[in-house]
Amino acid sequence: MIVRSLLLAGSLLLASVVPASFTLAKSDGPQIKVKEFDKVPTDVHYFEDTDTIILSGKKAELYISTDAAASWNLLEGKTGILYPNKYHTQSAVIYGPNRKHWVTFDAAKTWREFEVPDKLAFGGGFMPFTFHGKDAEKVLLSAEECQFMTCRHVTYYTTDGFKTVKRLFEGDMGCFWAVGNPAFGEGEPHLPDKLDDRVFCIWPHATPLDLTRRLVYSDTYFSDRKAVAVEAGGRDIKGVNNMASVKKFLLLAASSVGTSEAAIYVSKDAVHWDRADFYGGPKVRGGKFTVLESTNYSIQVNVASRRSRVPIGSLFTSDSTGTSFTMNLDGVNEDKDMITDFEQVSGIQGIFLVNIVENAEEVKKGATREKKLVSRISFDDGRTFKPLKCGDKELHLHSITRPSNIGRTYSSPAPGLVMGIGNTGDKLGTYETGDTFVSNDAGVTWRKALDKAHKYEFGDQGSLLVAVFDEYKDKIFTDEISYSLNHGKDWKKAKLPHRVTALQLTTTPDSTSLQFLLVAEDEKKKFYVMSIDFSDVHERKCEKKDFERWPARLDEKGEPDCLMGHKQFYKRRKADADCFVKEKFKEPLPETEPCQCTKEDFECAAGFLRNKDYECEPHRKVSPPEGKCKNPDDKFMGPSGYRLIPGDDCLKKGGVDLEKEVERTCKDATKAPVSGQISVETTPFKTKNLNYRYLERSDTSSGDDETVILKTDDGDLFVTRDHGKTWQRGKFKEPISLYIPHKYDNDVIYLLTEGKKAYWSIDRAHTFHSFEGKLPITRTLGTLPLYFHPDHPDWLIWIGGQDCKGKKCTDLAYYSKNRGDEWDLLLRGVGKCMFVGKEGELTADDLIFCSQHEHEDPSKSLRLISSDDMFTKKTSIHFDGKPIVGYAKMSEFIVVATKNGTELSSFTSVDGKTFAHAAFPPNYHIDAEYAYTVLDSSTHSIFLHVTDHPAKMHEFGSILKSNSNGTSYVLSLPNANRNDRDYVDFEKIQVVEGVALANIVINPDEVKGKGQEKKFRTLITHNDGSEWALLPPPKKDVDGKSFDCKVKDKGTDDCALHLHGFTERRENRDSMSSGSAVGLIIGVGNVGSSLTPRAESDTYMSRDAGITWHQIKKGRYQWEFGDQGSIVVVVAEEKPTKVLSYSLDEGETWTDFEFSDKEVTVEDISTVPSDTSRNFILWCRPGSSNEIVAYNVDFSGLKEREKQCVLKKESPEADDYYLWSPKHPMQKNNCLFGHVSMYHRKRPEAKCYNGPKLDRLSSEKKNCECTRQDYECDYNYGRQSDGSCALVKGLKPADPMQICKDDPEAIEYFEPTGYRKLPVSTCEGGHQLDHLVARPCPNKKKEFDEKHPGIGGFGLFFAIFFPVAIATGVGYWAFSKWDGKFGRIRLGESQPESIFSRDSPLISVPVTIVAGTVAVITALPLLFSSLWRSFRGYTRLPGSWWGQRQRPYASRGAFAARRGEYVGVVDDEDELLGAEEFEGDEEEDV
């Protein structure tokens, strides 16, 4: 039941005056009793099957009546908000103040007080109480636990009616009962043993570095500290947003990065989950669908249209499984809050009313914003819809989007009685001009009941209709009510004691009572609660002769109709009978008669859909039985496509049976078994330059297409949906200048022309729609023409060029919130503008940052400004308007470069409001003419490359790494190579945490002083840039021969493996690793003392994330990973060939395959960015022609990849997979960043394919004790040659007491040690190198002593004497055994087993090492914001057994982004294919 309160705010106070009583004679009408109130009540709640009512007010006063509103009393000692238990109508809970609450299980006769340790959640998407569907004593409580400025969500539970309240889950995003509805589980044969105890919780952090929310469950209230993740199709369901109980169904909504499409999963047993498919209408988008009132055998969902600027939806109805939805009706009316004009007629199966937008297509196209609303009714469960008829005119009624009363809009449990406010004509008018209409045959026919709009209610099972004039909006008062005793045919009036305007009119929920309650306001703003009692209007109680057997549904002939295998009848009082039923609280129940089975009793079976003729036809090809279909003309007996709807009780005998198998032809069946061959398809294109783009699929994307678009030099656009097997040419009037994929939605792409004209597609390039910008796109070098919003896919910023001279324009920024239909000016004279608001962060949706030229003159310097109202009224000028060089949005940071005289400075913000100055390493100055490039921020730190030497062809610089809030940088790697386009030889290895490769210049002095050519070496880090090492060379080459140099396990200056990096890559989107082929790396290089020219290189591969390497091919090869690494393809680089090589065992063995009958030069090899496909495209050039030939190479036919691999989470190594853990080469255990991570990897010998993307990271993980590898040098400290950290000479550490000044709640601070913990590390205990000696904050000595209690005098004696005695002996022993290297805490190899290792506090503590803790006061808000950020503002605090919170990340670095995981590449937004002018400056180049 939808409850709408239209009452004014205010406190509910009983008036001090004596309540009035107004009584009419028995024959004249109802008896009316009045209570006067000073303030209006805000809610009315009836306890079902009782005369008990509770009223609540704004100040939390509660009043109770036990005689159907005849008298009222204050509910003594209880204030708060009443939450009724909708499944157990005698039960309700009062949400009280000060953590005290009350519960009743006997309709407010008695109350029990209870307390909850934390404040119950209120708002923010959480309800304080979640009731069990079957057990009134089982309740989940949603609470909020806060410390300082950080809060986390906590769920409590009770199973004994609040006698005890226990903690269930910490840091969740909401918990739910499996039995959330009384109907759940009914009729299901196999249900869990403890289904009634099963609880689901949305868990936001499934892994240390994985923020994709899972749904987990427990049958023991998590008492065993075990949570089982919900799966569908053998994969964890990720990105869970919400869960709901709908009759017999559990629904789960999930979303994913890279698409606005949402996935809906359904379960009928709380065990097995299947994704729901939606056919024939718009795709389901996150937050853009509404689950409507449904039945036990079907779910109704309204899906919002993405095309429309005003709210319009499409009505979908599911089959009995809840997993196959078909669109029944398009253009359904809804409001901006997704409230939908849809309501079922109460108590009668298959009848519902809906309002639709008749001019929906015009509205969607933007031709008009005015909706033409018309009403429709369905009598057959949504199969067909008809107009409402009042005589020979069409009738249109206001619905849920325009509520006028509480409760249902049209009907009640009174059988067949339906009322509404509306008008006849061609469309729905305003509510104020509407009249009141009534139907007594469930909507088949209608008559006008009363002039003007009225609030109305049903009583005595429909024998009595009551209405009161409803013009509260215009403050029109009335002193009478209307009532009908004959189903609305005739109406009588009764006087009210005051002239009032009605606020609420209601009665008992079952509509069996003769007593009604009216809440009203008079002209003097006094408020009344009136009890209107019709009990004495009829003296006689109805007898048998006064009732009729009323058929609930009639067919076109007026005969009783069948639905779900039966006819439905009610015992109903005849309209003209002069009696009352007087069976209070006895709701009428339907009688049924069975029908013979007809076509309507069957639904489409799995794999079949209804066509326009309502026949079930195959949605996909039917699989023939084993041994059948040897020839295409063969036939076989297969499924009919129909099945009887579960719960349908029709009689099969003598009826229709559509479930019998039917004969089918083999040519229409699924294709034959795999051929064992690799297939090739070729397509030529007349273009010299290669410009292509994949439209990647995300986790929640539906469909299975593999779409690629290609733009030719002439501006033609080609699209393939089968990965290059077939192509279609786009039909556009103007040549396409460039295409821009949506940065945050992979299904969306924009095509731009040279002028104002542009096109967009939101359905993966299936259809395109045109729009125009206000100005032609900018031609200013380095400026992008389109920017996108991360959460609102239809919001755009358009940068248009004005007064362009060559490649320099006066640029204007416009914004649109409807995909270019309408534009409004943002600013003139801009550099660039971008949305920076993002869900889960402390930023507004409308927050925009712009760099703008002073005085709007493009020859002037840039300044940084921002606004959260589109620059209409509020504009914030940052850095006092001082010049900036540029800014970038990187994952969780906004980084700004400012110009200060001859130096560059960097500032960082995580909330878009407060910027903190980034402290660079001591004595490190960045020349204002130099550049720095933001490389990566995927591990909660910013990697920054700063140019030290900018001479053309001799560029190199330093890689700096920030702390967790981007305010303090330390040197990670000096002399890192870069090129003249500001690309850097730095690449993160995807999936595996903290591993990166970089090339350094080993002769910097010679390059600087003598202009010599750069010489390079390749280094690798396994701990996020804290330590770098040379790559170990392979022991043998591919032919089994030794290299010219040898080492044991580590690379040396004379002998190591060196690989060519990003600056030499021909295709920026290629990468050495893969987001799905975990641990695999391929590169081109050589073994020796330094990197040799690329032409002299060979091809190498690592299978363990860079620990060991193997030569796989002599010479230079291009490579691609397919099927998540189970297929690796390489092909010769820059030389004619017709052969590719592939490996099915991670590079152990290779097979050659001839893909062409003539030699071609392979320009590039590609596959889907996720590397999950078994298809590849070789982009080849025949000879020196100006033609590109696309070769689709399909490995799906291989026998070795015929079946899908099996992964069982409960036994992950039992079948086709094993668990693999990355490691640090200098550690004996597998701890990396404080934890052991285990990844699912397919066994190389397993003959199967991976299929959909795996959840690579296993849930089997553990945190480790802290060691040196979990720390890096703090600010103002530098790494020494032995790996330790020491204070830089001449510098002082920052004041460690700054934390006490910044945080008034702080009790202690720690003396600096020179070390800081890696932001990505989750280690616990062990060696806390950054927290050795604690000191009390000023005036906090007492609290400090309580936290660190001391010892008594006797203990003090032993604390002094005993260590001195022991130290004398131990010191001598240690001196004789130790290597003399006291005095450093090192970040070298870790051997923590010995207490005399360099890790040992016995060695390290006596030596004082002072470190500089960052003391930038303005950084504190950044730190708080960083801690505060999580899904919709909630996060964890330390101490939860579910682990500590980890911040979100998604790498967007200064390299070209094709992989969807953590690798740093150029943002898709910045990669404007087909426009070379834009390649100079990337978004992250500051």
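Our numbering is plain: 1 for the first residue shown, then up by one each step along the chain.
The backbone N, Cα and C atoms fix where each Cβ goes, glycine too.
These numbers come from a predicted model, not from an experiment.
Feature annotations, reproduced from Swiss-Prot:
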TOPO_DOM  26-1349  topological domain 'Lumenal'
CARBOHYD  ASN296  N-linked glycosylation site
REPEAT    377-386  repeat 'BNR 1'
REPEAT    437-447  repeat 'BNR 2'
REPEAT    483-493  repeat 'BNR 3'
REPEAT    718-728  repeat 'BNR 4'
CARBOHYD  ASN900  N-linked glycosylation site
CARBOHYD  ASN965  N-linked glycosylation site
REPEAT    1100-1110  repeat 'BNR 5'
TRANSMEM  1350-1370  transmembrane segment
TRANSMEM  1402-1422  transmembrane segment
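Cβ neighbour density within 10 Å is lowest for ASN900 among the glycosylation sites ASN296, ASN900, ASN965. Long-range contacts of the repeat 'BNR 5' (1100-1110) within the same chain, counting only residues at least 6 positions beyond its ends with a Cβ under 8 Å from a Cβ of the stretch, are 989, 992, 995, 997, 1020, 1022, 1031-1034, 1057, 1059, 1078-1085, 1128, 1146-1147, 1220, 1222-1223, 1225. A separation of roughly 22 Å, to the nearest angstrom, links the Cα atoms of ASN965 (N-linked glycosylation site) and ASN900 (N-linked glycosylation site).
DSSP gives ASN296 (N-linked glycosylation site) a coil state; it is part of no helix or strand. Note: the repeat 'BNR 2' (437-447) comprises 0 helix, 4 strand, 7 coil (DSSP; helix = H, G, I, strand = E, B). Same-chain residues lying 6 or more positions outside the repeat 'BNR 4' (718-728) and placing a CB less than 8 Å from one of its CB atoms are 681, 683, 685, 705-712, 764-765, 1167-1168, 1173, 1175, 1177, 1190-1192, 1194. Per-residue pLDDT, averaged over the repeat 'BNR 4' (718-728), rounds to 97. Panel annotation: around the repeat 'BNR 3' (483-493), residues 29-30, 417, 419, 438, 440, 447, 449-450, 462-467, 534, 537-538, 575-576, 578 of the same chain, lying at least six beyond its termini, place a Cβ under 8 Å from a Cβ of the stretch. ASN900 (N-linked glycosylation site) sits 69 Å from ASN296 (N-linked glycosylation site), taking the Cα positions as reference. Note on the repeat 'BNR 5' (1100-1110): DSSP counts are 0 helix, 4 strand, 7 coil. Secondary structure by DSSP for the repeat 'BNR 4' (718-728): 0 helix, 5 strand, 6 coil.
Broken down by DSSP into helix, strand and coil, the repeat 'BNR 3' (483-493) contains 0 helix, 4 strand, 7 coil. Secondary structure of the repeat 'BNR 1' (377-386) per DSSP, as helix, strand and coil residue counts: 0 helix, 3 strand, 7 coil.
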